[in-house]
Amino acid sequence: MFEAILLTVMTAATPLVIAAMGELVAERSGVLNLGVEGMMIMGAVCAFATAHMTGSPYLGVLAGIGGGALFSLLFGFLTLTLVTNQVATGLALTILGLGVSGQLGESFVGLAGTKLQPIVFPVLSDIPFIGRVLFAQDLIFYLSIALIIGVNWFLFKSRTGLKMRAIGDNHGSAHALGINVVRTRYLAVLFGGACAGLAGAQLSLVYTPQWVENMSAGRGWIALALVVFASWRPWRILAGGYLFGAVTIGQLHAQAFGVGIPSQFLSALPYAATIVVLVIISHNRRTTLINTPASLGKPFVPDR
Amino acid sequence: MKKLIIALAASAAVLGGMSGAAQAQEKSKVCFIYVGPKTDGGWTQAHDIGRMALEKAMGDKIETAFLENVPEGPDAERAIERMARSNCAMIYTTSFGFMDATVKVAAKFPKVKFEHATGFKAAENVATYNSRFYEGRYIQGQIAAKMSKKGLAGYIASFPIPEVVMGINAFELGAKSVNPDFKIKVVWANTWADPGKEADAAKALVDQGVDILTQHTDTTAPIQVAAERGIMAFGQASDMIAAGPKTQLTAIVDTWGPYYIKRTKAMLDGTWKSEQIWDGLKDGILTMAPYTNMPDDVKAMAEETEAKIKSGELHPFTGPINKQDGSEWLKAGEKAEDGTLLGMNFYVEGVDDQLPK
């Protein structure tokens, strides 16, 4: 029973963790992209369509990543090259993504999807309990873990990561030091888009192998909140994502079990839990400030 | 820059908001307001299939137009008014939340005929129409009781409104008519369409031991979960057999086409009048998807019940029925009144859940 719940939680948390990871990198470079929801849904529709037409869910995963990345390029061009307002552009990206994906996906509604099958590690998956939970998952789950390790290493152990954080903290100084701010930010935005697209692919290939308009249902926004929740630290995103997933699934189980608590209250629980943790985390203002990229959301125009 | 953003927002609005509409002078225009995308695979799609049936049947006399993704609330009023101004002779507003807006706009356009789905406010030029979905759910309950080995079904519900509560009760009553000890577990997803959440709810119910699933939410995610876990399930609003060829037992299929044709004809020949219509299986506004994946005797029972409901011999809400707390609701032989059903806010005996208030 516990194992079953855990498996459900993992499926629910994986897209949140992946999308939040991408957004974390973008925000660490100083770009606030509110278009996660739009990029995610574009990834979902591209992944589903490709998997359906080619019969290969792996090509679908690639298409999801590509779709999200391509869509984020539009955001990059607008905010980095044309220096538009990041908040407004991000919101527009979400609205546009929901609309375009609906149009693209129109002929795919109601079709049976292709599920991404789990990759089972022999021997390891035979370990009682953790075997099935950790070593008999689909590709995207393994990628989510690899992403956390990779991003954590990149940000805090690599030279490029250090430069990128410098840009996020003070793009003027970084520019003066000769770091190419715009190019780095383009790459960070692209990475964010690719991650959101991968998260979308998880939705339409693993979570629920089907295409439904607006199927991301606000998960992009939760991913955005997770970044703040994690105070821009990769491992905390894992914790936050799984906490959110656990409370979401837990409340459904509580309902099915017949706990005498009103379901509206239970449904609000994941959000309430998020707020509580947020309050606890932001209790220490100083550490919060240290972690927040100082030039987040600010436009950058190189000196001529 | 500003221009670009405006252009972006505008293109988004065009893509997300509206499509359809054509021009021709002599034909009467029949318009539809949808709450969701016309390809939602459930509720709105069923209405759109009805619209296309109407166009096919009467395309020489009428043309149709529609607005999709119209939010309930103040925006609805503007959308409906825009339709009324664009020479629509008849407007179908297809969601409960359009009720007040429909009545308000109708007062300004006395010559236009309005039809509002699932509401209860009518006027001189506003009729209401609804479908007796509970008849189908009663049949599903009977099938569930025959097919379930554990006598326990999972019910994924959307919002605690009378329509949904009525469905849960009908399902339970149908099941109890076959197996008096039958129980259902209810999970409220608090959404109409979020495949992820619906799948999670389905998984939670299966993990807690139900061996049959039914849903009052719109996507096929629960059926997919049922298929994966090897249990049976029912479809909702549309025939969902594609999502579970070996899983779906039957589905309640909303069939609005014949109704739209009938009412539009009445509008054209001048016999239309405001009515409050609540049709069911016998009128064809509601049909059952083929009974599949079940033994012949269960199928025969389902068909017999369907026939009895159609002929009027059987009303699912016929006493004796007790409320959840054991108090008497209907005496033996007494039939529930439509008004009580449309405002239903209590469970019948046997439902294993606490109704959210």
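Glycine too: its Cβ is placed from the backbone N, Cα and C atoms.
Computed from a predicted structure; not experimentally measured.
Annotated transmembrane segment per TrEMBL: A:29-51, A:58-83, A:139-156, A:186-205, A:211-230, A:237-257, A:263-281, in sequence order.
A contact links the transmembrane segment (A:186-205) to the transmembrane segment (A:58-83), because at least 3 Cβ pairs that are 6 or more residues apart lie under 8 A. Where the transmembrane segment (A:58-83) meets the stretches A:29-51, A:211-230, A:263-281, the count of C-beta pairs under 8 angstroms peaks at A:29-51. If you count C-beta pairs under 8 angstroms between the transmembrane segment (A:237-257) and each of A:29-51, A:139-156, A:211-230, A:263-281, the highest count goes to A:263-281. Here the transmembrane segment (A:263-281) has Cβ contacts under 8 Å with residues 225, 228-229, 231, 240, 243-244, 247-248, 250-251, 254-255, 288 of the same chain, all six or more residues outside its ends.
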